[in-house]
């Protein structure tokens, strides 16, 4: 499909040519994709999310009981009926179009549902059914027999952002829709001081700081909690402040609580932390070499400076609205400025950053899910876990980088890049990611990303916007089986 390949710029025409020799700067061809996409299979199709599309991979299990055989049939299940679930939960699974367990669920569910409860540290990419796995475990352990227990917190799910928390609530609502008297509470930063005097819910989903505050103020009573789940656990434990907040929350909970950590990525130091956070846990992982982001065409555009970045973005606007698109920028200020300029020029865009109040953030993400807003400008608040089925393009307006002291060379943030581009190409569909490069530092960071993931990010020549449009439209509209990636 040569017509889809970006055209190489004449010698001296691209940023790469200006910085280094073409033969040295051109990345080696590779069909291997970055490891893992960091997404959460959170939003059911009824809420604008994606249907489960299971990739090929193998699941490895390491049991805390070293004498036990992880390949024992007791530690695997081929259908939901074999788990002895409440028929009403089976109805909920059917409503989610879950006909049989995914590979992750085959191994995770027997471990999660075992009695006495055991801790679990699970690493799995998105689209594997991990959200449904921990929600199913929670619903199976609830006691809803009395009004008092219906209003008593029995399970707590912690998420790094308000948006992911709301998405998880949506999964619980769909899977638990046939359970009478199921009450779900949210503990996220409030816009005003309108918190309830008491948290009366059997399942609570929230962010660490708000949950800790509600427990300390006795708004939420943790005495009857049976299950603690950390979703996007690597983000929670690795992000400055959130890791400490998680520790403080856990210290306020019953010692017998079942701790479950699920995430798409577990860097070594975070895995060590997680092992302490969930001691004597069963471990479940995907074979690392098979964790890939498939179906994402990775491209980059040369820009002469910051202003040229903006002009390029405006030129891309028509393509951004083919489906839905997310534009990732470095700072809240950049997001606001770009939104203001584009709206003034008559373009329909929305922005979502951590600085926006809660209810407004909810409204923006709901509009984006519904398709009322097709272009969303955001910081890394959306880089993880949000599943919106219509996203076909991601723009790295600013290449993600680690926060390092000013005197150190700029370093690309590989995990954030992975999570960002994972917003597109969701569950079997084709997507496009485009990175803007405007200076030597950004070019170096792009090269770091290519080398780290052993992949090729192709350059598009912006001299012919008709050709750019043709390349991207053909890629988006192609079924994944017909698309070419990393070539």
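Every residue number used here counts from 1 along the chain in the order it is shown.
Using N, Cα and C of the backbone, Cβ positions are placed for all residues, glycine too.
Residue ranges 231-234, 235-238, 239-242, 243-246 are listed, and Swiss-Prot annotates 231-234 among them as motif 'DEAD box'. According to Swiss-Prot, the feature region 'Disordered' maps to residues 1-50, out of the candidate ranges 1-50, 51-100. Residue environment of residue 131 (ATP binding site) contains 28 other Cβ atoms, counted within 10 Å of its Cβ in all protein chains. Between the binding-site residues 129, 130, the minimum number of other C-beta atoms within 10 Å of a residue's C-beta occurs at 129. Residue 130 (ATP binding site) falls within a helix when secondary structure is assigned with DSSP.
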